[in-house]
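Only one structure is covered here, and it is reproduced in the block below.
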Amino acid sequence: MSNVTHQPKIGFVSLGCPKNLVDSERILTELRTEGYDVVPTYDNADMVIVNTCGFIDSAVQESLEAIGEALKENGKVIVTGCLGAKEDQIREVHPKVLEITGPHSYEQVLEHVHHYTPKPKHNPFLSLVPEQGVKLTPRHYAYLKISEGCNHRCTFCIIPSMRGDLVSRPIGEVLAEAKRLADAGVKELLVISQDTSAYGVDVKHRTGFHNGMPVKTSMVSLCEELAKLGIWVRLHYVYPYPHVDDVIPLMAEGKILPYLDIPLQHASPRILKLMKRPGSADRQLARIKQWREICPDLTLRSTFIVGFPGETEEDFQMLLDFLKEARLDRVGCFKYSPVEGATANELADQVPEEVKEERWNRFMQLQQQISAERLQEKVGREILVLVDEVDEEGAIGRSMADAPEIDGAVYLNGETRVKPGDVVRVKVEHADEYDLWGTRV
């Protein structure tokens, strides 16, 4: 008779944005800490956890399909994440799901796992988890989530109904995690949240402590402290508050990456008002001009929506004029699509699909030309590149201007003497509208 005890196995699916990925990492870290095995297939797992996305209709569909596949292959499924906030919608399609929780419900997920799968017998002195926790990104970069939820009520968005109002993590806790990641060899931290520039607003920017020293809970103080780690620090999801101006000098001094991901969404004052978004195009253009004077190497990424309800040709032309003037480096564009629960669905003058498509094409054609011209300016220059992949044909990396997965890449054809995580100096020899090619200096 064998005395080998069965080690419970958990299958895991993570869908959606980097913020959801961080939630998955936290759940997986807890599971591994308790001694559960995490396995890549469903058929030999004791149960499956599906961390869902519910931001847009296509994401909802993908999540429902993933749940269905897990039920078919395994039968015992726990659902969490943004779509979990809509339990009725999930139960209607998949009534056999065991349990459903909303986003960032880590303790509830673990309680459900304990209920349906026996807790492993685990020697607490045997560490199954690295100090930095389980990471789903390559070893040389990691996402650092600084807050949860959002206080804004943009009419096209349902995130606050899923993830709640802003809750900032204690700054000492955030900085301790950042230090653990840096000590583990992470070369780039990607700071994420629903609204990075609002960090600390909910706690009135109270003073926290890190290494026994007082630190204000604010985006600027956070950046100043992260700069001391000596690794790349990249800011994402930065709402255009006035105090964003205060981080530009830190970028100019090389303390954090000269990169700002700032979702502007539109340029027409009328459409911005319908979206419940702040600011005017003229004021934003003036700020961009000022930022570039302070930090000439600044890379600006933004996202926009075309075909928002009520958008006229005149409104759209304002957006194109803004693009021509702003000359942003990296731009994402989405055709407006109704999201269940979003107040924008009730607005008058919905734009026909063929008009959305036509405007999206015009937008992308213009921005691709601008992006190509911006990258062409880098030909002949030397830049730093963080290596992501290496094979027999060469290496692929990213410059300071490139976030993983959403931006471009730098191709080093024939360069095989490097490894992922290396930072190398490269001379740029060629560019298109998205990527660069170069050789190591």
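Even glycines carry a Cβ here, placed using N, Cα and C.
Note that the structure is a prediction, hence the values are computed from the model and not measured.
The [4Fe-4S] cluster 1 binding site feature in Swiss-Prot is assigned to CYS17, CYS53, CYS82; the stated evidence is sequence analysis. CYS82 ([4Fe-4S] cluster 1 binding site) falls within a helical segment according to DSSP.
For CYS150, CYS154, CYS157, the entry in Swiss-Prot reads [4Fe-4S] cluster 2 binding site, with the evidence type sequence analysis. CYS157 ([4Fe-4S] cluster 2 binding site) falls outside any helix or strand according to DSSP and counts as coil.
The annotation domain 'MTTase N-terminal' is assigned in Swiss-Prot to 8-118.
The domain 'Radical SAM core' feature in Swiss-Prot is assigned to 136-373; the stated evidence is sequence analysis.
Among the features that Swiss-Prot reports, domain 'TRAM' is placed at 376-441.
For CYS17 ([4Fe-4S] cluster 1 binding site), the same-chain residues 6+ apart in sequence whose C-beta sits under 8 angstroms from its C-beta are CYS53, PHE55. Note: the [4Fe-4S] cluster 2 site is recorded as CYS150, CYS154, CYS157; in the same chain, HIS152, ARG153, PHE156, ILE158, ILE159, PRO160, GLN194 also have Cβ atoms within 8 Å of that site's Cβ centroid. A straight line from the CA of CYS150 ([4Fe-4S] cluster 2 binding site) to the CA of CYS82 ([4Fe-4S] cluster 1 binding site) spans 14 Å. On the backbone, the CA of CYS82 ([4Fe-4S] cluster 1 binding site) and the CA of CYS157 ([4Fe-4S] cluster 2 binding site) stand 12 Å apart.
Note: CYS157 ([4Fe-4S] cluster 2 binding site) has non-local neighbours PHE55, CYS150, VAL339, ALA342, i.e. same-chain residues 6+ apart with C-beta under 8 A of its own C-beta. Each residue in the domain 'Radical SAM core' (136-373) has a pLDDT score, and their mean in this model is 91.
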